[in-house]
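Asker: Handing you this structure, nothing more for now.
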Amino acid sequence: MAASPRRVVLAYSGGVDTTACIPYLRHEMGCEYIVAMTADLGQGDELEPVREKALKAGADVAVVVDAKERFVREFGFPAVAANAVYDGQYPLSSALGRPLIADLLVGLAHEYDCDAVAHGCTGKGNDQVRLDLAVALLDPRLAILAPARRWGFSRAETIAYSENFGIAPHVSKEKPWAIDLNILGRNVEAGLIEDLSWEPTEEVWALTQSAEAAPAVPEYVTIGFVAGVPVSLDGEPCAPLDLVARLNELGGRHGVGRVDMIENRVVGLKSRELYEAPALTLLLQAHRELENLVLPADVLTHKAPIEQAYAKQVYDGLWFGPLRQALDGFVGSLQQYVTGDIRLKLYKGVSTVVGRSAPKSMYRYDLVTYGPESAFNQDSAEGFIDIFGLPSRVWARNHGMVPEPELA
Ligand code: ARG
């Protein structure tokens, strides 16, 4: 049997569990060198105090990696191009962050000559699956340590364990639910949310206003795409992070992008999850609309199941796997055509498409109009239907769908 891992990079958030992981890795799991890695995915916390906390908890090295730009460009925008939504509702805001965190863990493991990576995920969630699978796909030689899957501590026991090391967290005003936040969205689960009949009160939400509290005056935004990538707002070029931040703000103000759903977790559980992802919601809506304008119907029909498979791959933690990458090839080959502008109207929790334009739009006014200038030859419709309807007539003859005497 291989010797147990000695040098480890831990994904460190600064929360109760990952903090307790540091002494646990050292004292119960025999790690002699611990690198704490905190990825800045736009969770909005001050990360220097988090870094210091890791050192105080006993990490040998603590690093903060600003990964916001990569997150949006390499994970968020490709998912938008794929119109990736899980279970019809979840825009994958949390799920998309995990392969990136895994990638950063693996990079640091190589840099610090580590033989393992670690995380603070429990055994019930999807994030453990995503991190474990992404690490396996990137470097299967690395061991994966997940103390919180092993220790069997209750919340109080985790805190008591931390107290032994003088790193007890301040939990006086702990929220009765769990939060995961990044620049692409916010997730709330557990605690009060587990009661399926409980309607979330307003303090659950942080990025969005309720529709009731949203302004009584609508606001408009035009999202411009070039080759499937959002590049401008209201005609002004806009860098990825700024674009996402502005759409979060705008959508949030108008109560757009809230989800309250029962989700099918990878580990077989159904769980209730709340999401707010205003920017992603608007981007997905606009991108889908633009594709509908520029791509032929048969391509759209074939893209739909690809999108679902793509979303499931992301959800299941298989970002770096061959299927997600192959699906990305299909999606990517079509994005060169997805250039244009979509105008949205935001009002009281709803975003509506109110304008569309694309230099290579397949919508042709001159063909579709009922006006006198129509270039569509209606006479040809008869011949088309004659041929298109041939199997229908044969079928009707064979299966008696018209009364017998008329068949002759
Ligand atoms: N259930 C969601 C998902 O699987 C959210 C996970 C949030 N993660 C967390 N550690 N709270 O994507």
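Heads up, the Cβ atoms here are built off N, Cα and C, so glycines get one too.
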Asker: In TrEMBL, the ATP site includes Ala11, Tyr12, Ser13, Gly14, Gly15, Val16, Asp17, Thr18, Thr19, Gly120. Which of Ala39, Ala84, Ala95, Ala143 does it also list there?
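Answerer: Record source TrEMBL; matching candidate: Ala39.
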Asker: Write down the Cα-Cα distance for Thr19 (ATP binding site) and Asn126 (L-citrulline binding site), rounded and given in Å.
Answerer: 20
Asker: Listed binding-site residues are Ala11, Thr19, Asn126, Asp127, Tyr275; which sit with C-beta under 6 angstroms of ligand 1?
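Answerer: Checking each Cβ against ligand 1, the ones under 6 Å are Asn126, Asp127.
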Asker: What three-state secondary structure does DSSP assign to Arg130 (L-citrulline binding site)?
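Answerer: Going by the DSSP assignment, Arg130 (L-citrulline binding site) falls within a helical segment, counted as helix.
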Asker: Tally every other Cβ atom lying within 10 Å of the Cβ atom of Asn126 (L-citrulline binding site).
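Answerer: Total other Cβ atoms inside 10 Å, all chains included: 21.
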Asker: Would you mind checking how many other C-beta atoms are within 10 angstroms of the C-beta on Tyr90 (L-citrulline binding site)?
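Answerer: The answer is 23 other Cβ atoms.
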Asker: If you average per-residue pLDDT over the domain 'Arginosuccinate synthase C-terminal' (177-394), what number do you get?
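Answerer: For the domain 'Arginosuccinate synthase C-terminal' (177-394), the model's average pLDDT rounds to 97.
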Asker: Can you tell which of Gly15, Gly120 has the least company, meaning the fewest other C-beta atoms within 10 angstroms of its C-beta, among these binding-site residues?
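Answerer: Least crowded of the binding-site residues Gly15, Gly120, by Cβ count within 10 Å, is Gly15.
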